[in-house]
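This report refers to the structure that appears directly beneath it.
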Amino acid sequence: MTIVAPLGREADDPLVIAGTALRSRLLIGTAGYPTQAIMAEAVRASGAEVATLSIRRVSLRGHGSDTVSLLSGFRFLPNTAGCETARDAVMTAELAREALGTNWIKVEVIGDRETLYPDVAETIEATRQLVDAGFVVLPYCNDDPVVCSRLADLGAAAVMPMGSLIGSGMGVANPANLELICRRSPVPVIVDAGIGTASDAVIAMELGAAAVLLNTAVAKADDPVRMARAMRHAVEAGRLAFGAGRIPRRARAEPSSPQLGLVGS
């Protein structure tokens with residue numbers, strides 16, 4: 001009997017973050033679903049191994065939240081959503097470590113409430129402090145190659161540049177910058193925010209991203225479970241296409257069939 005590995009999830013192509021190997025290159029959020037039951041079904045349908053959640057929805061008394069209980073067996077990536085200063089982000093990360101027993105943290109420090117753009121200076125400072133405190137830091141940032149390089153130099157385990165505005169569904173707004181970030185980064189690049197549908201995830205992966213993190217695209221879809229499956233296959237297909245290498249774009253046609261031996265030639 002031949003066992004065929006799922007597309008893009010071959011054992012020899014794991015996503016490695018801080019020495020942890022993950023089969024899936026899709027990370028998924030847990031907020032905003034119609035019900036907790038649908039959330040749990042969609043997250044499992046996505047094939048993801050890492051689920052993000054806000055520390056504000058986790059009990060610090062040891063009872064856990066519905067999300068934690070429903071997703072037993074997943075690796076959790078708590079985030080610092082809602083924080084506007086490095087100080088608040090560090091405090092939230094410490095609470096997350098106490099509540100969930102993990103030193104993984106997704107750093108979000110927002111600098112503008114209308115666009116939810118990250119505050120670069122505060123994000124860099126939070127990353128510096130949290131790395132020094134022994135956290136595995138995955139910072140959300142803008143799609144700036146210099147910022148991503150600085151975060152990696154500080155010890156971030158991965159960088160998470162935005163595809164476009166959080167929750168916008170606009171896809172990858174600046175593919176040239178994202179490709180440059182992916183090509184230069186010494187740590188995994190996880191495209192975070194703005195993914196609206198499966199084709200957006202494919203594009204992010206084809207540009208060289210190591211992974212995609214998304215939430216709204218699945219949570220707010222008409223059928224979250226079906227969209228989660230679509231995203232799973234999209235990330236896998238995009239990774240395979242990146243590894244295979246696309247043909248160059250040309251301004252004119254080039255026949256794919258051999259011309260030798262044609263009638264009349």
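Including glycine, each Cβ sits where the backbone N, Cα and C put it.
Note that this is a predicted model, so its numbers are computed, not measured.
According to Swiss-Prot, the protein has these features:
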- Lys106: active site, schiff-base intermediate with DXP (ACT_SITE)
- Gly167, Ala193, Gly194, Asn215, Thr216: 1-deoxy-D-xylulose 5-phosphate binding site (BINDING)
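Shown on the structure are the features that Swiss-Prot records.
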| residue | record | Cβ contacts under 8 Å, 6 or more apart |
| --- | --- | --- |
| Lys106 | active site, schiff-base intermediate with DXP | Thr52, Leu77, Pro78, Asn79, Thr80, Leu138, Pro139, Tyr140, Met160 |
| Gly167 | 1-deoxy-D-xylulose 5-phosphate binding site | Leu116, Ala193, Thr216 |
| Gly194 | 1-deoxy-D-xylulose 5-phosphate binding site | Met162, Gly163, Ser164, Leu165, Ile166, Ser168, Gly169, Met170, Gly171, Val172, Ala173, Asp200 |
| Asn215 | 1-deoxy-D-xylulose 5-phosphate binding site | Ile28, Gly29, Thr30, Ala31, Gly32, Thr52 |
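There are 18 other Cβ atoms within 10 Å of the Cβ belonging to Thr216 (1-deoxy-D-xylulose 5-phosphate binding site).
Those same-chain residues not listed among Gly167, Ala193, Gly194, Asn215, Thr216 yet with C-beta within 8 angstroms of the centroid of the 1-deoxy-D-xylulose 5-phosphate site C-beta atoms are Leu165, Ile166, Ser168, Gly169, Ile195, Leu214, Ala217.
In the three-state DSSP assignment, the secondary structure recorded for Gly167 (1-deoxy-D-xylulose 5-phosphate binding site) is coil. Look at Thr216 (1-deoxy-D-xylulose 5-phosphate binding site): DSSP puts it in a helix.
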